[in-house]
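Shown next, in structure tokens, is the structure this report addresses.
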Amino acid sequence: DARRELDALGAVLLTSAVGRSSLQTVSELFGLRLTGLIWALEGNFVGWLQQTYATPELTMYFSWVYVYGYAFLLAFPFLAYLALPKTTTLKRLLVAYAFNYAIGLALYTLVFAHGPRNLDIGTSLLFTHNPNFSALTSEVNEATNVFPSLHTSLSVTVATFAVLTREEYPLWTPLAVWVAGSVVIATMYLGIHWLTDVIGGIVLALGCVYLSYRIVDPDAAA
């Protein structure tokens, strides 16, 4: 029974939905303004990535992966791990998701930084390819909540769990790793996130998976 972990995730998501606009205001007033520092660290990497590799076909692929592939990547493990005889993995996944959102929300409040698309450094290829995606992503993405990349952290979280459960679901592992890697690249290719955001997301993901394994006792969860 993973109801406690599911309730915890629901509470975090509800807090994020209700408090996002207020926390955004706090970030604008008191947050660390790190856009200049991020630019100093990585320069025009995102712009170079787009200028070097952008094609209509890749833009279409990464746009769909960013929106729909990402949604599938996060949803499928719920069903897969629910089918396992023990609830340990499902509980760990829920805990890892909750930590991703909770820590991500805290960092979004602490750090005020614009993404490449907001500084004319990178082209917003996602919205250029299909303006309808703007309505979808605007519900979860603010122009300034870029560090860390939650698309990256949650995708890497799923991929890490897929590797750790490769014996139970051997076919899911390569698919999850491929889709997660595509989402990570898409965040930069589409001009939404900096490389720094992606690195931060990877670190966050690995930390959340580690915490989930520390918190959820396999014997108690069985």
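Glycine residues also receive a Cβ, built from the backbone N, Cα and C atoms like all the rest.
Per TrEMBL, the feature domain 'Phosphatidic acid phosphatase type 2/haloperoxidase' maps to 88-213. What TrEMBL lists as transmembrane segment is 30-49, 61-82, 94-115, 171-192, 198-216.
When the stretches 61-82, 94-115, 198-216 are ranked by Cβ pairs under 8 Å to the transmembrane segment (30-49), first place goes to 94-115.
Within its own chain, the transmembrane segment (198-216) has Cβ neighbours under 8 Å at 5, 88, 91-93, 95-97, 99-100, 103-104, 107, 147-157, 160-161, 164, 184, 187-188, counting only residues six or more beyond its boundaries.
Nonlocal intrachain contacts for the transmembrane segment (94-115), taken as residues 6+ away from its ends with a CB within less than 8 angstroms of a stretch CB, comprise 2, 5-6, 8-9, 12-13, 15-16, 19-20, 23-24, 26-28, 31-35, 38, 74, 122, 142-148, 150, 153-154, 157, 161, 191-194, 197, 200, 204-205, 207-209, 211-212, 215-216.
Residues 45-46, 49-50, 53-54, 58-59, 61-63, 65-66, 69-70, 72-73, 76-77, 80, 115-117, 121-126, 141, 146, 149, 151-152, 155-156, 158-159, 161-163, 165, 198, 201-202 of the same chain sit 6 or more residues outside the transmembrane segment (171-192) yet have a Cβ under 8 Å from a Cβ within it.
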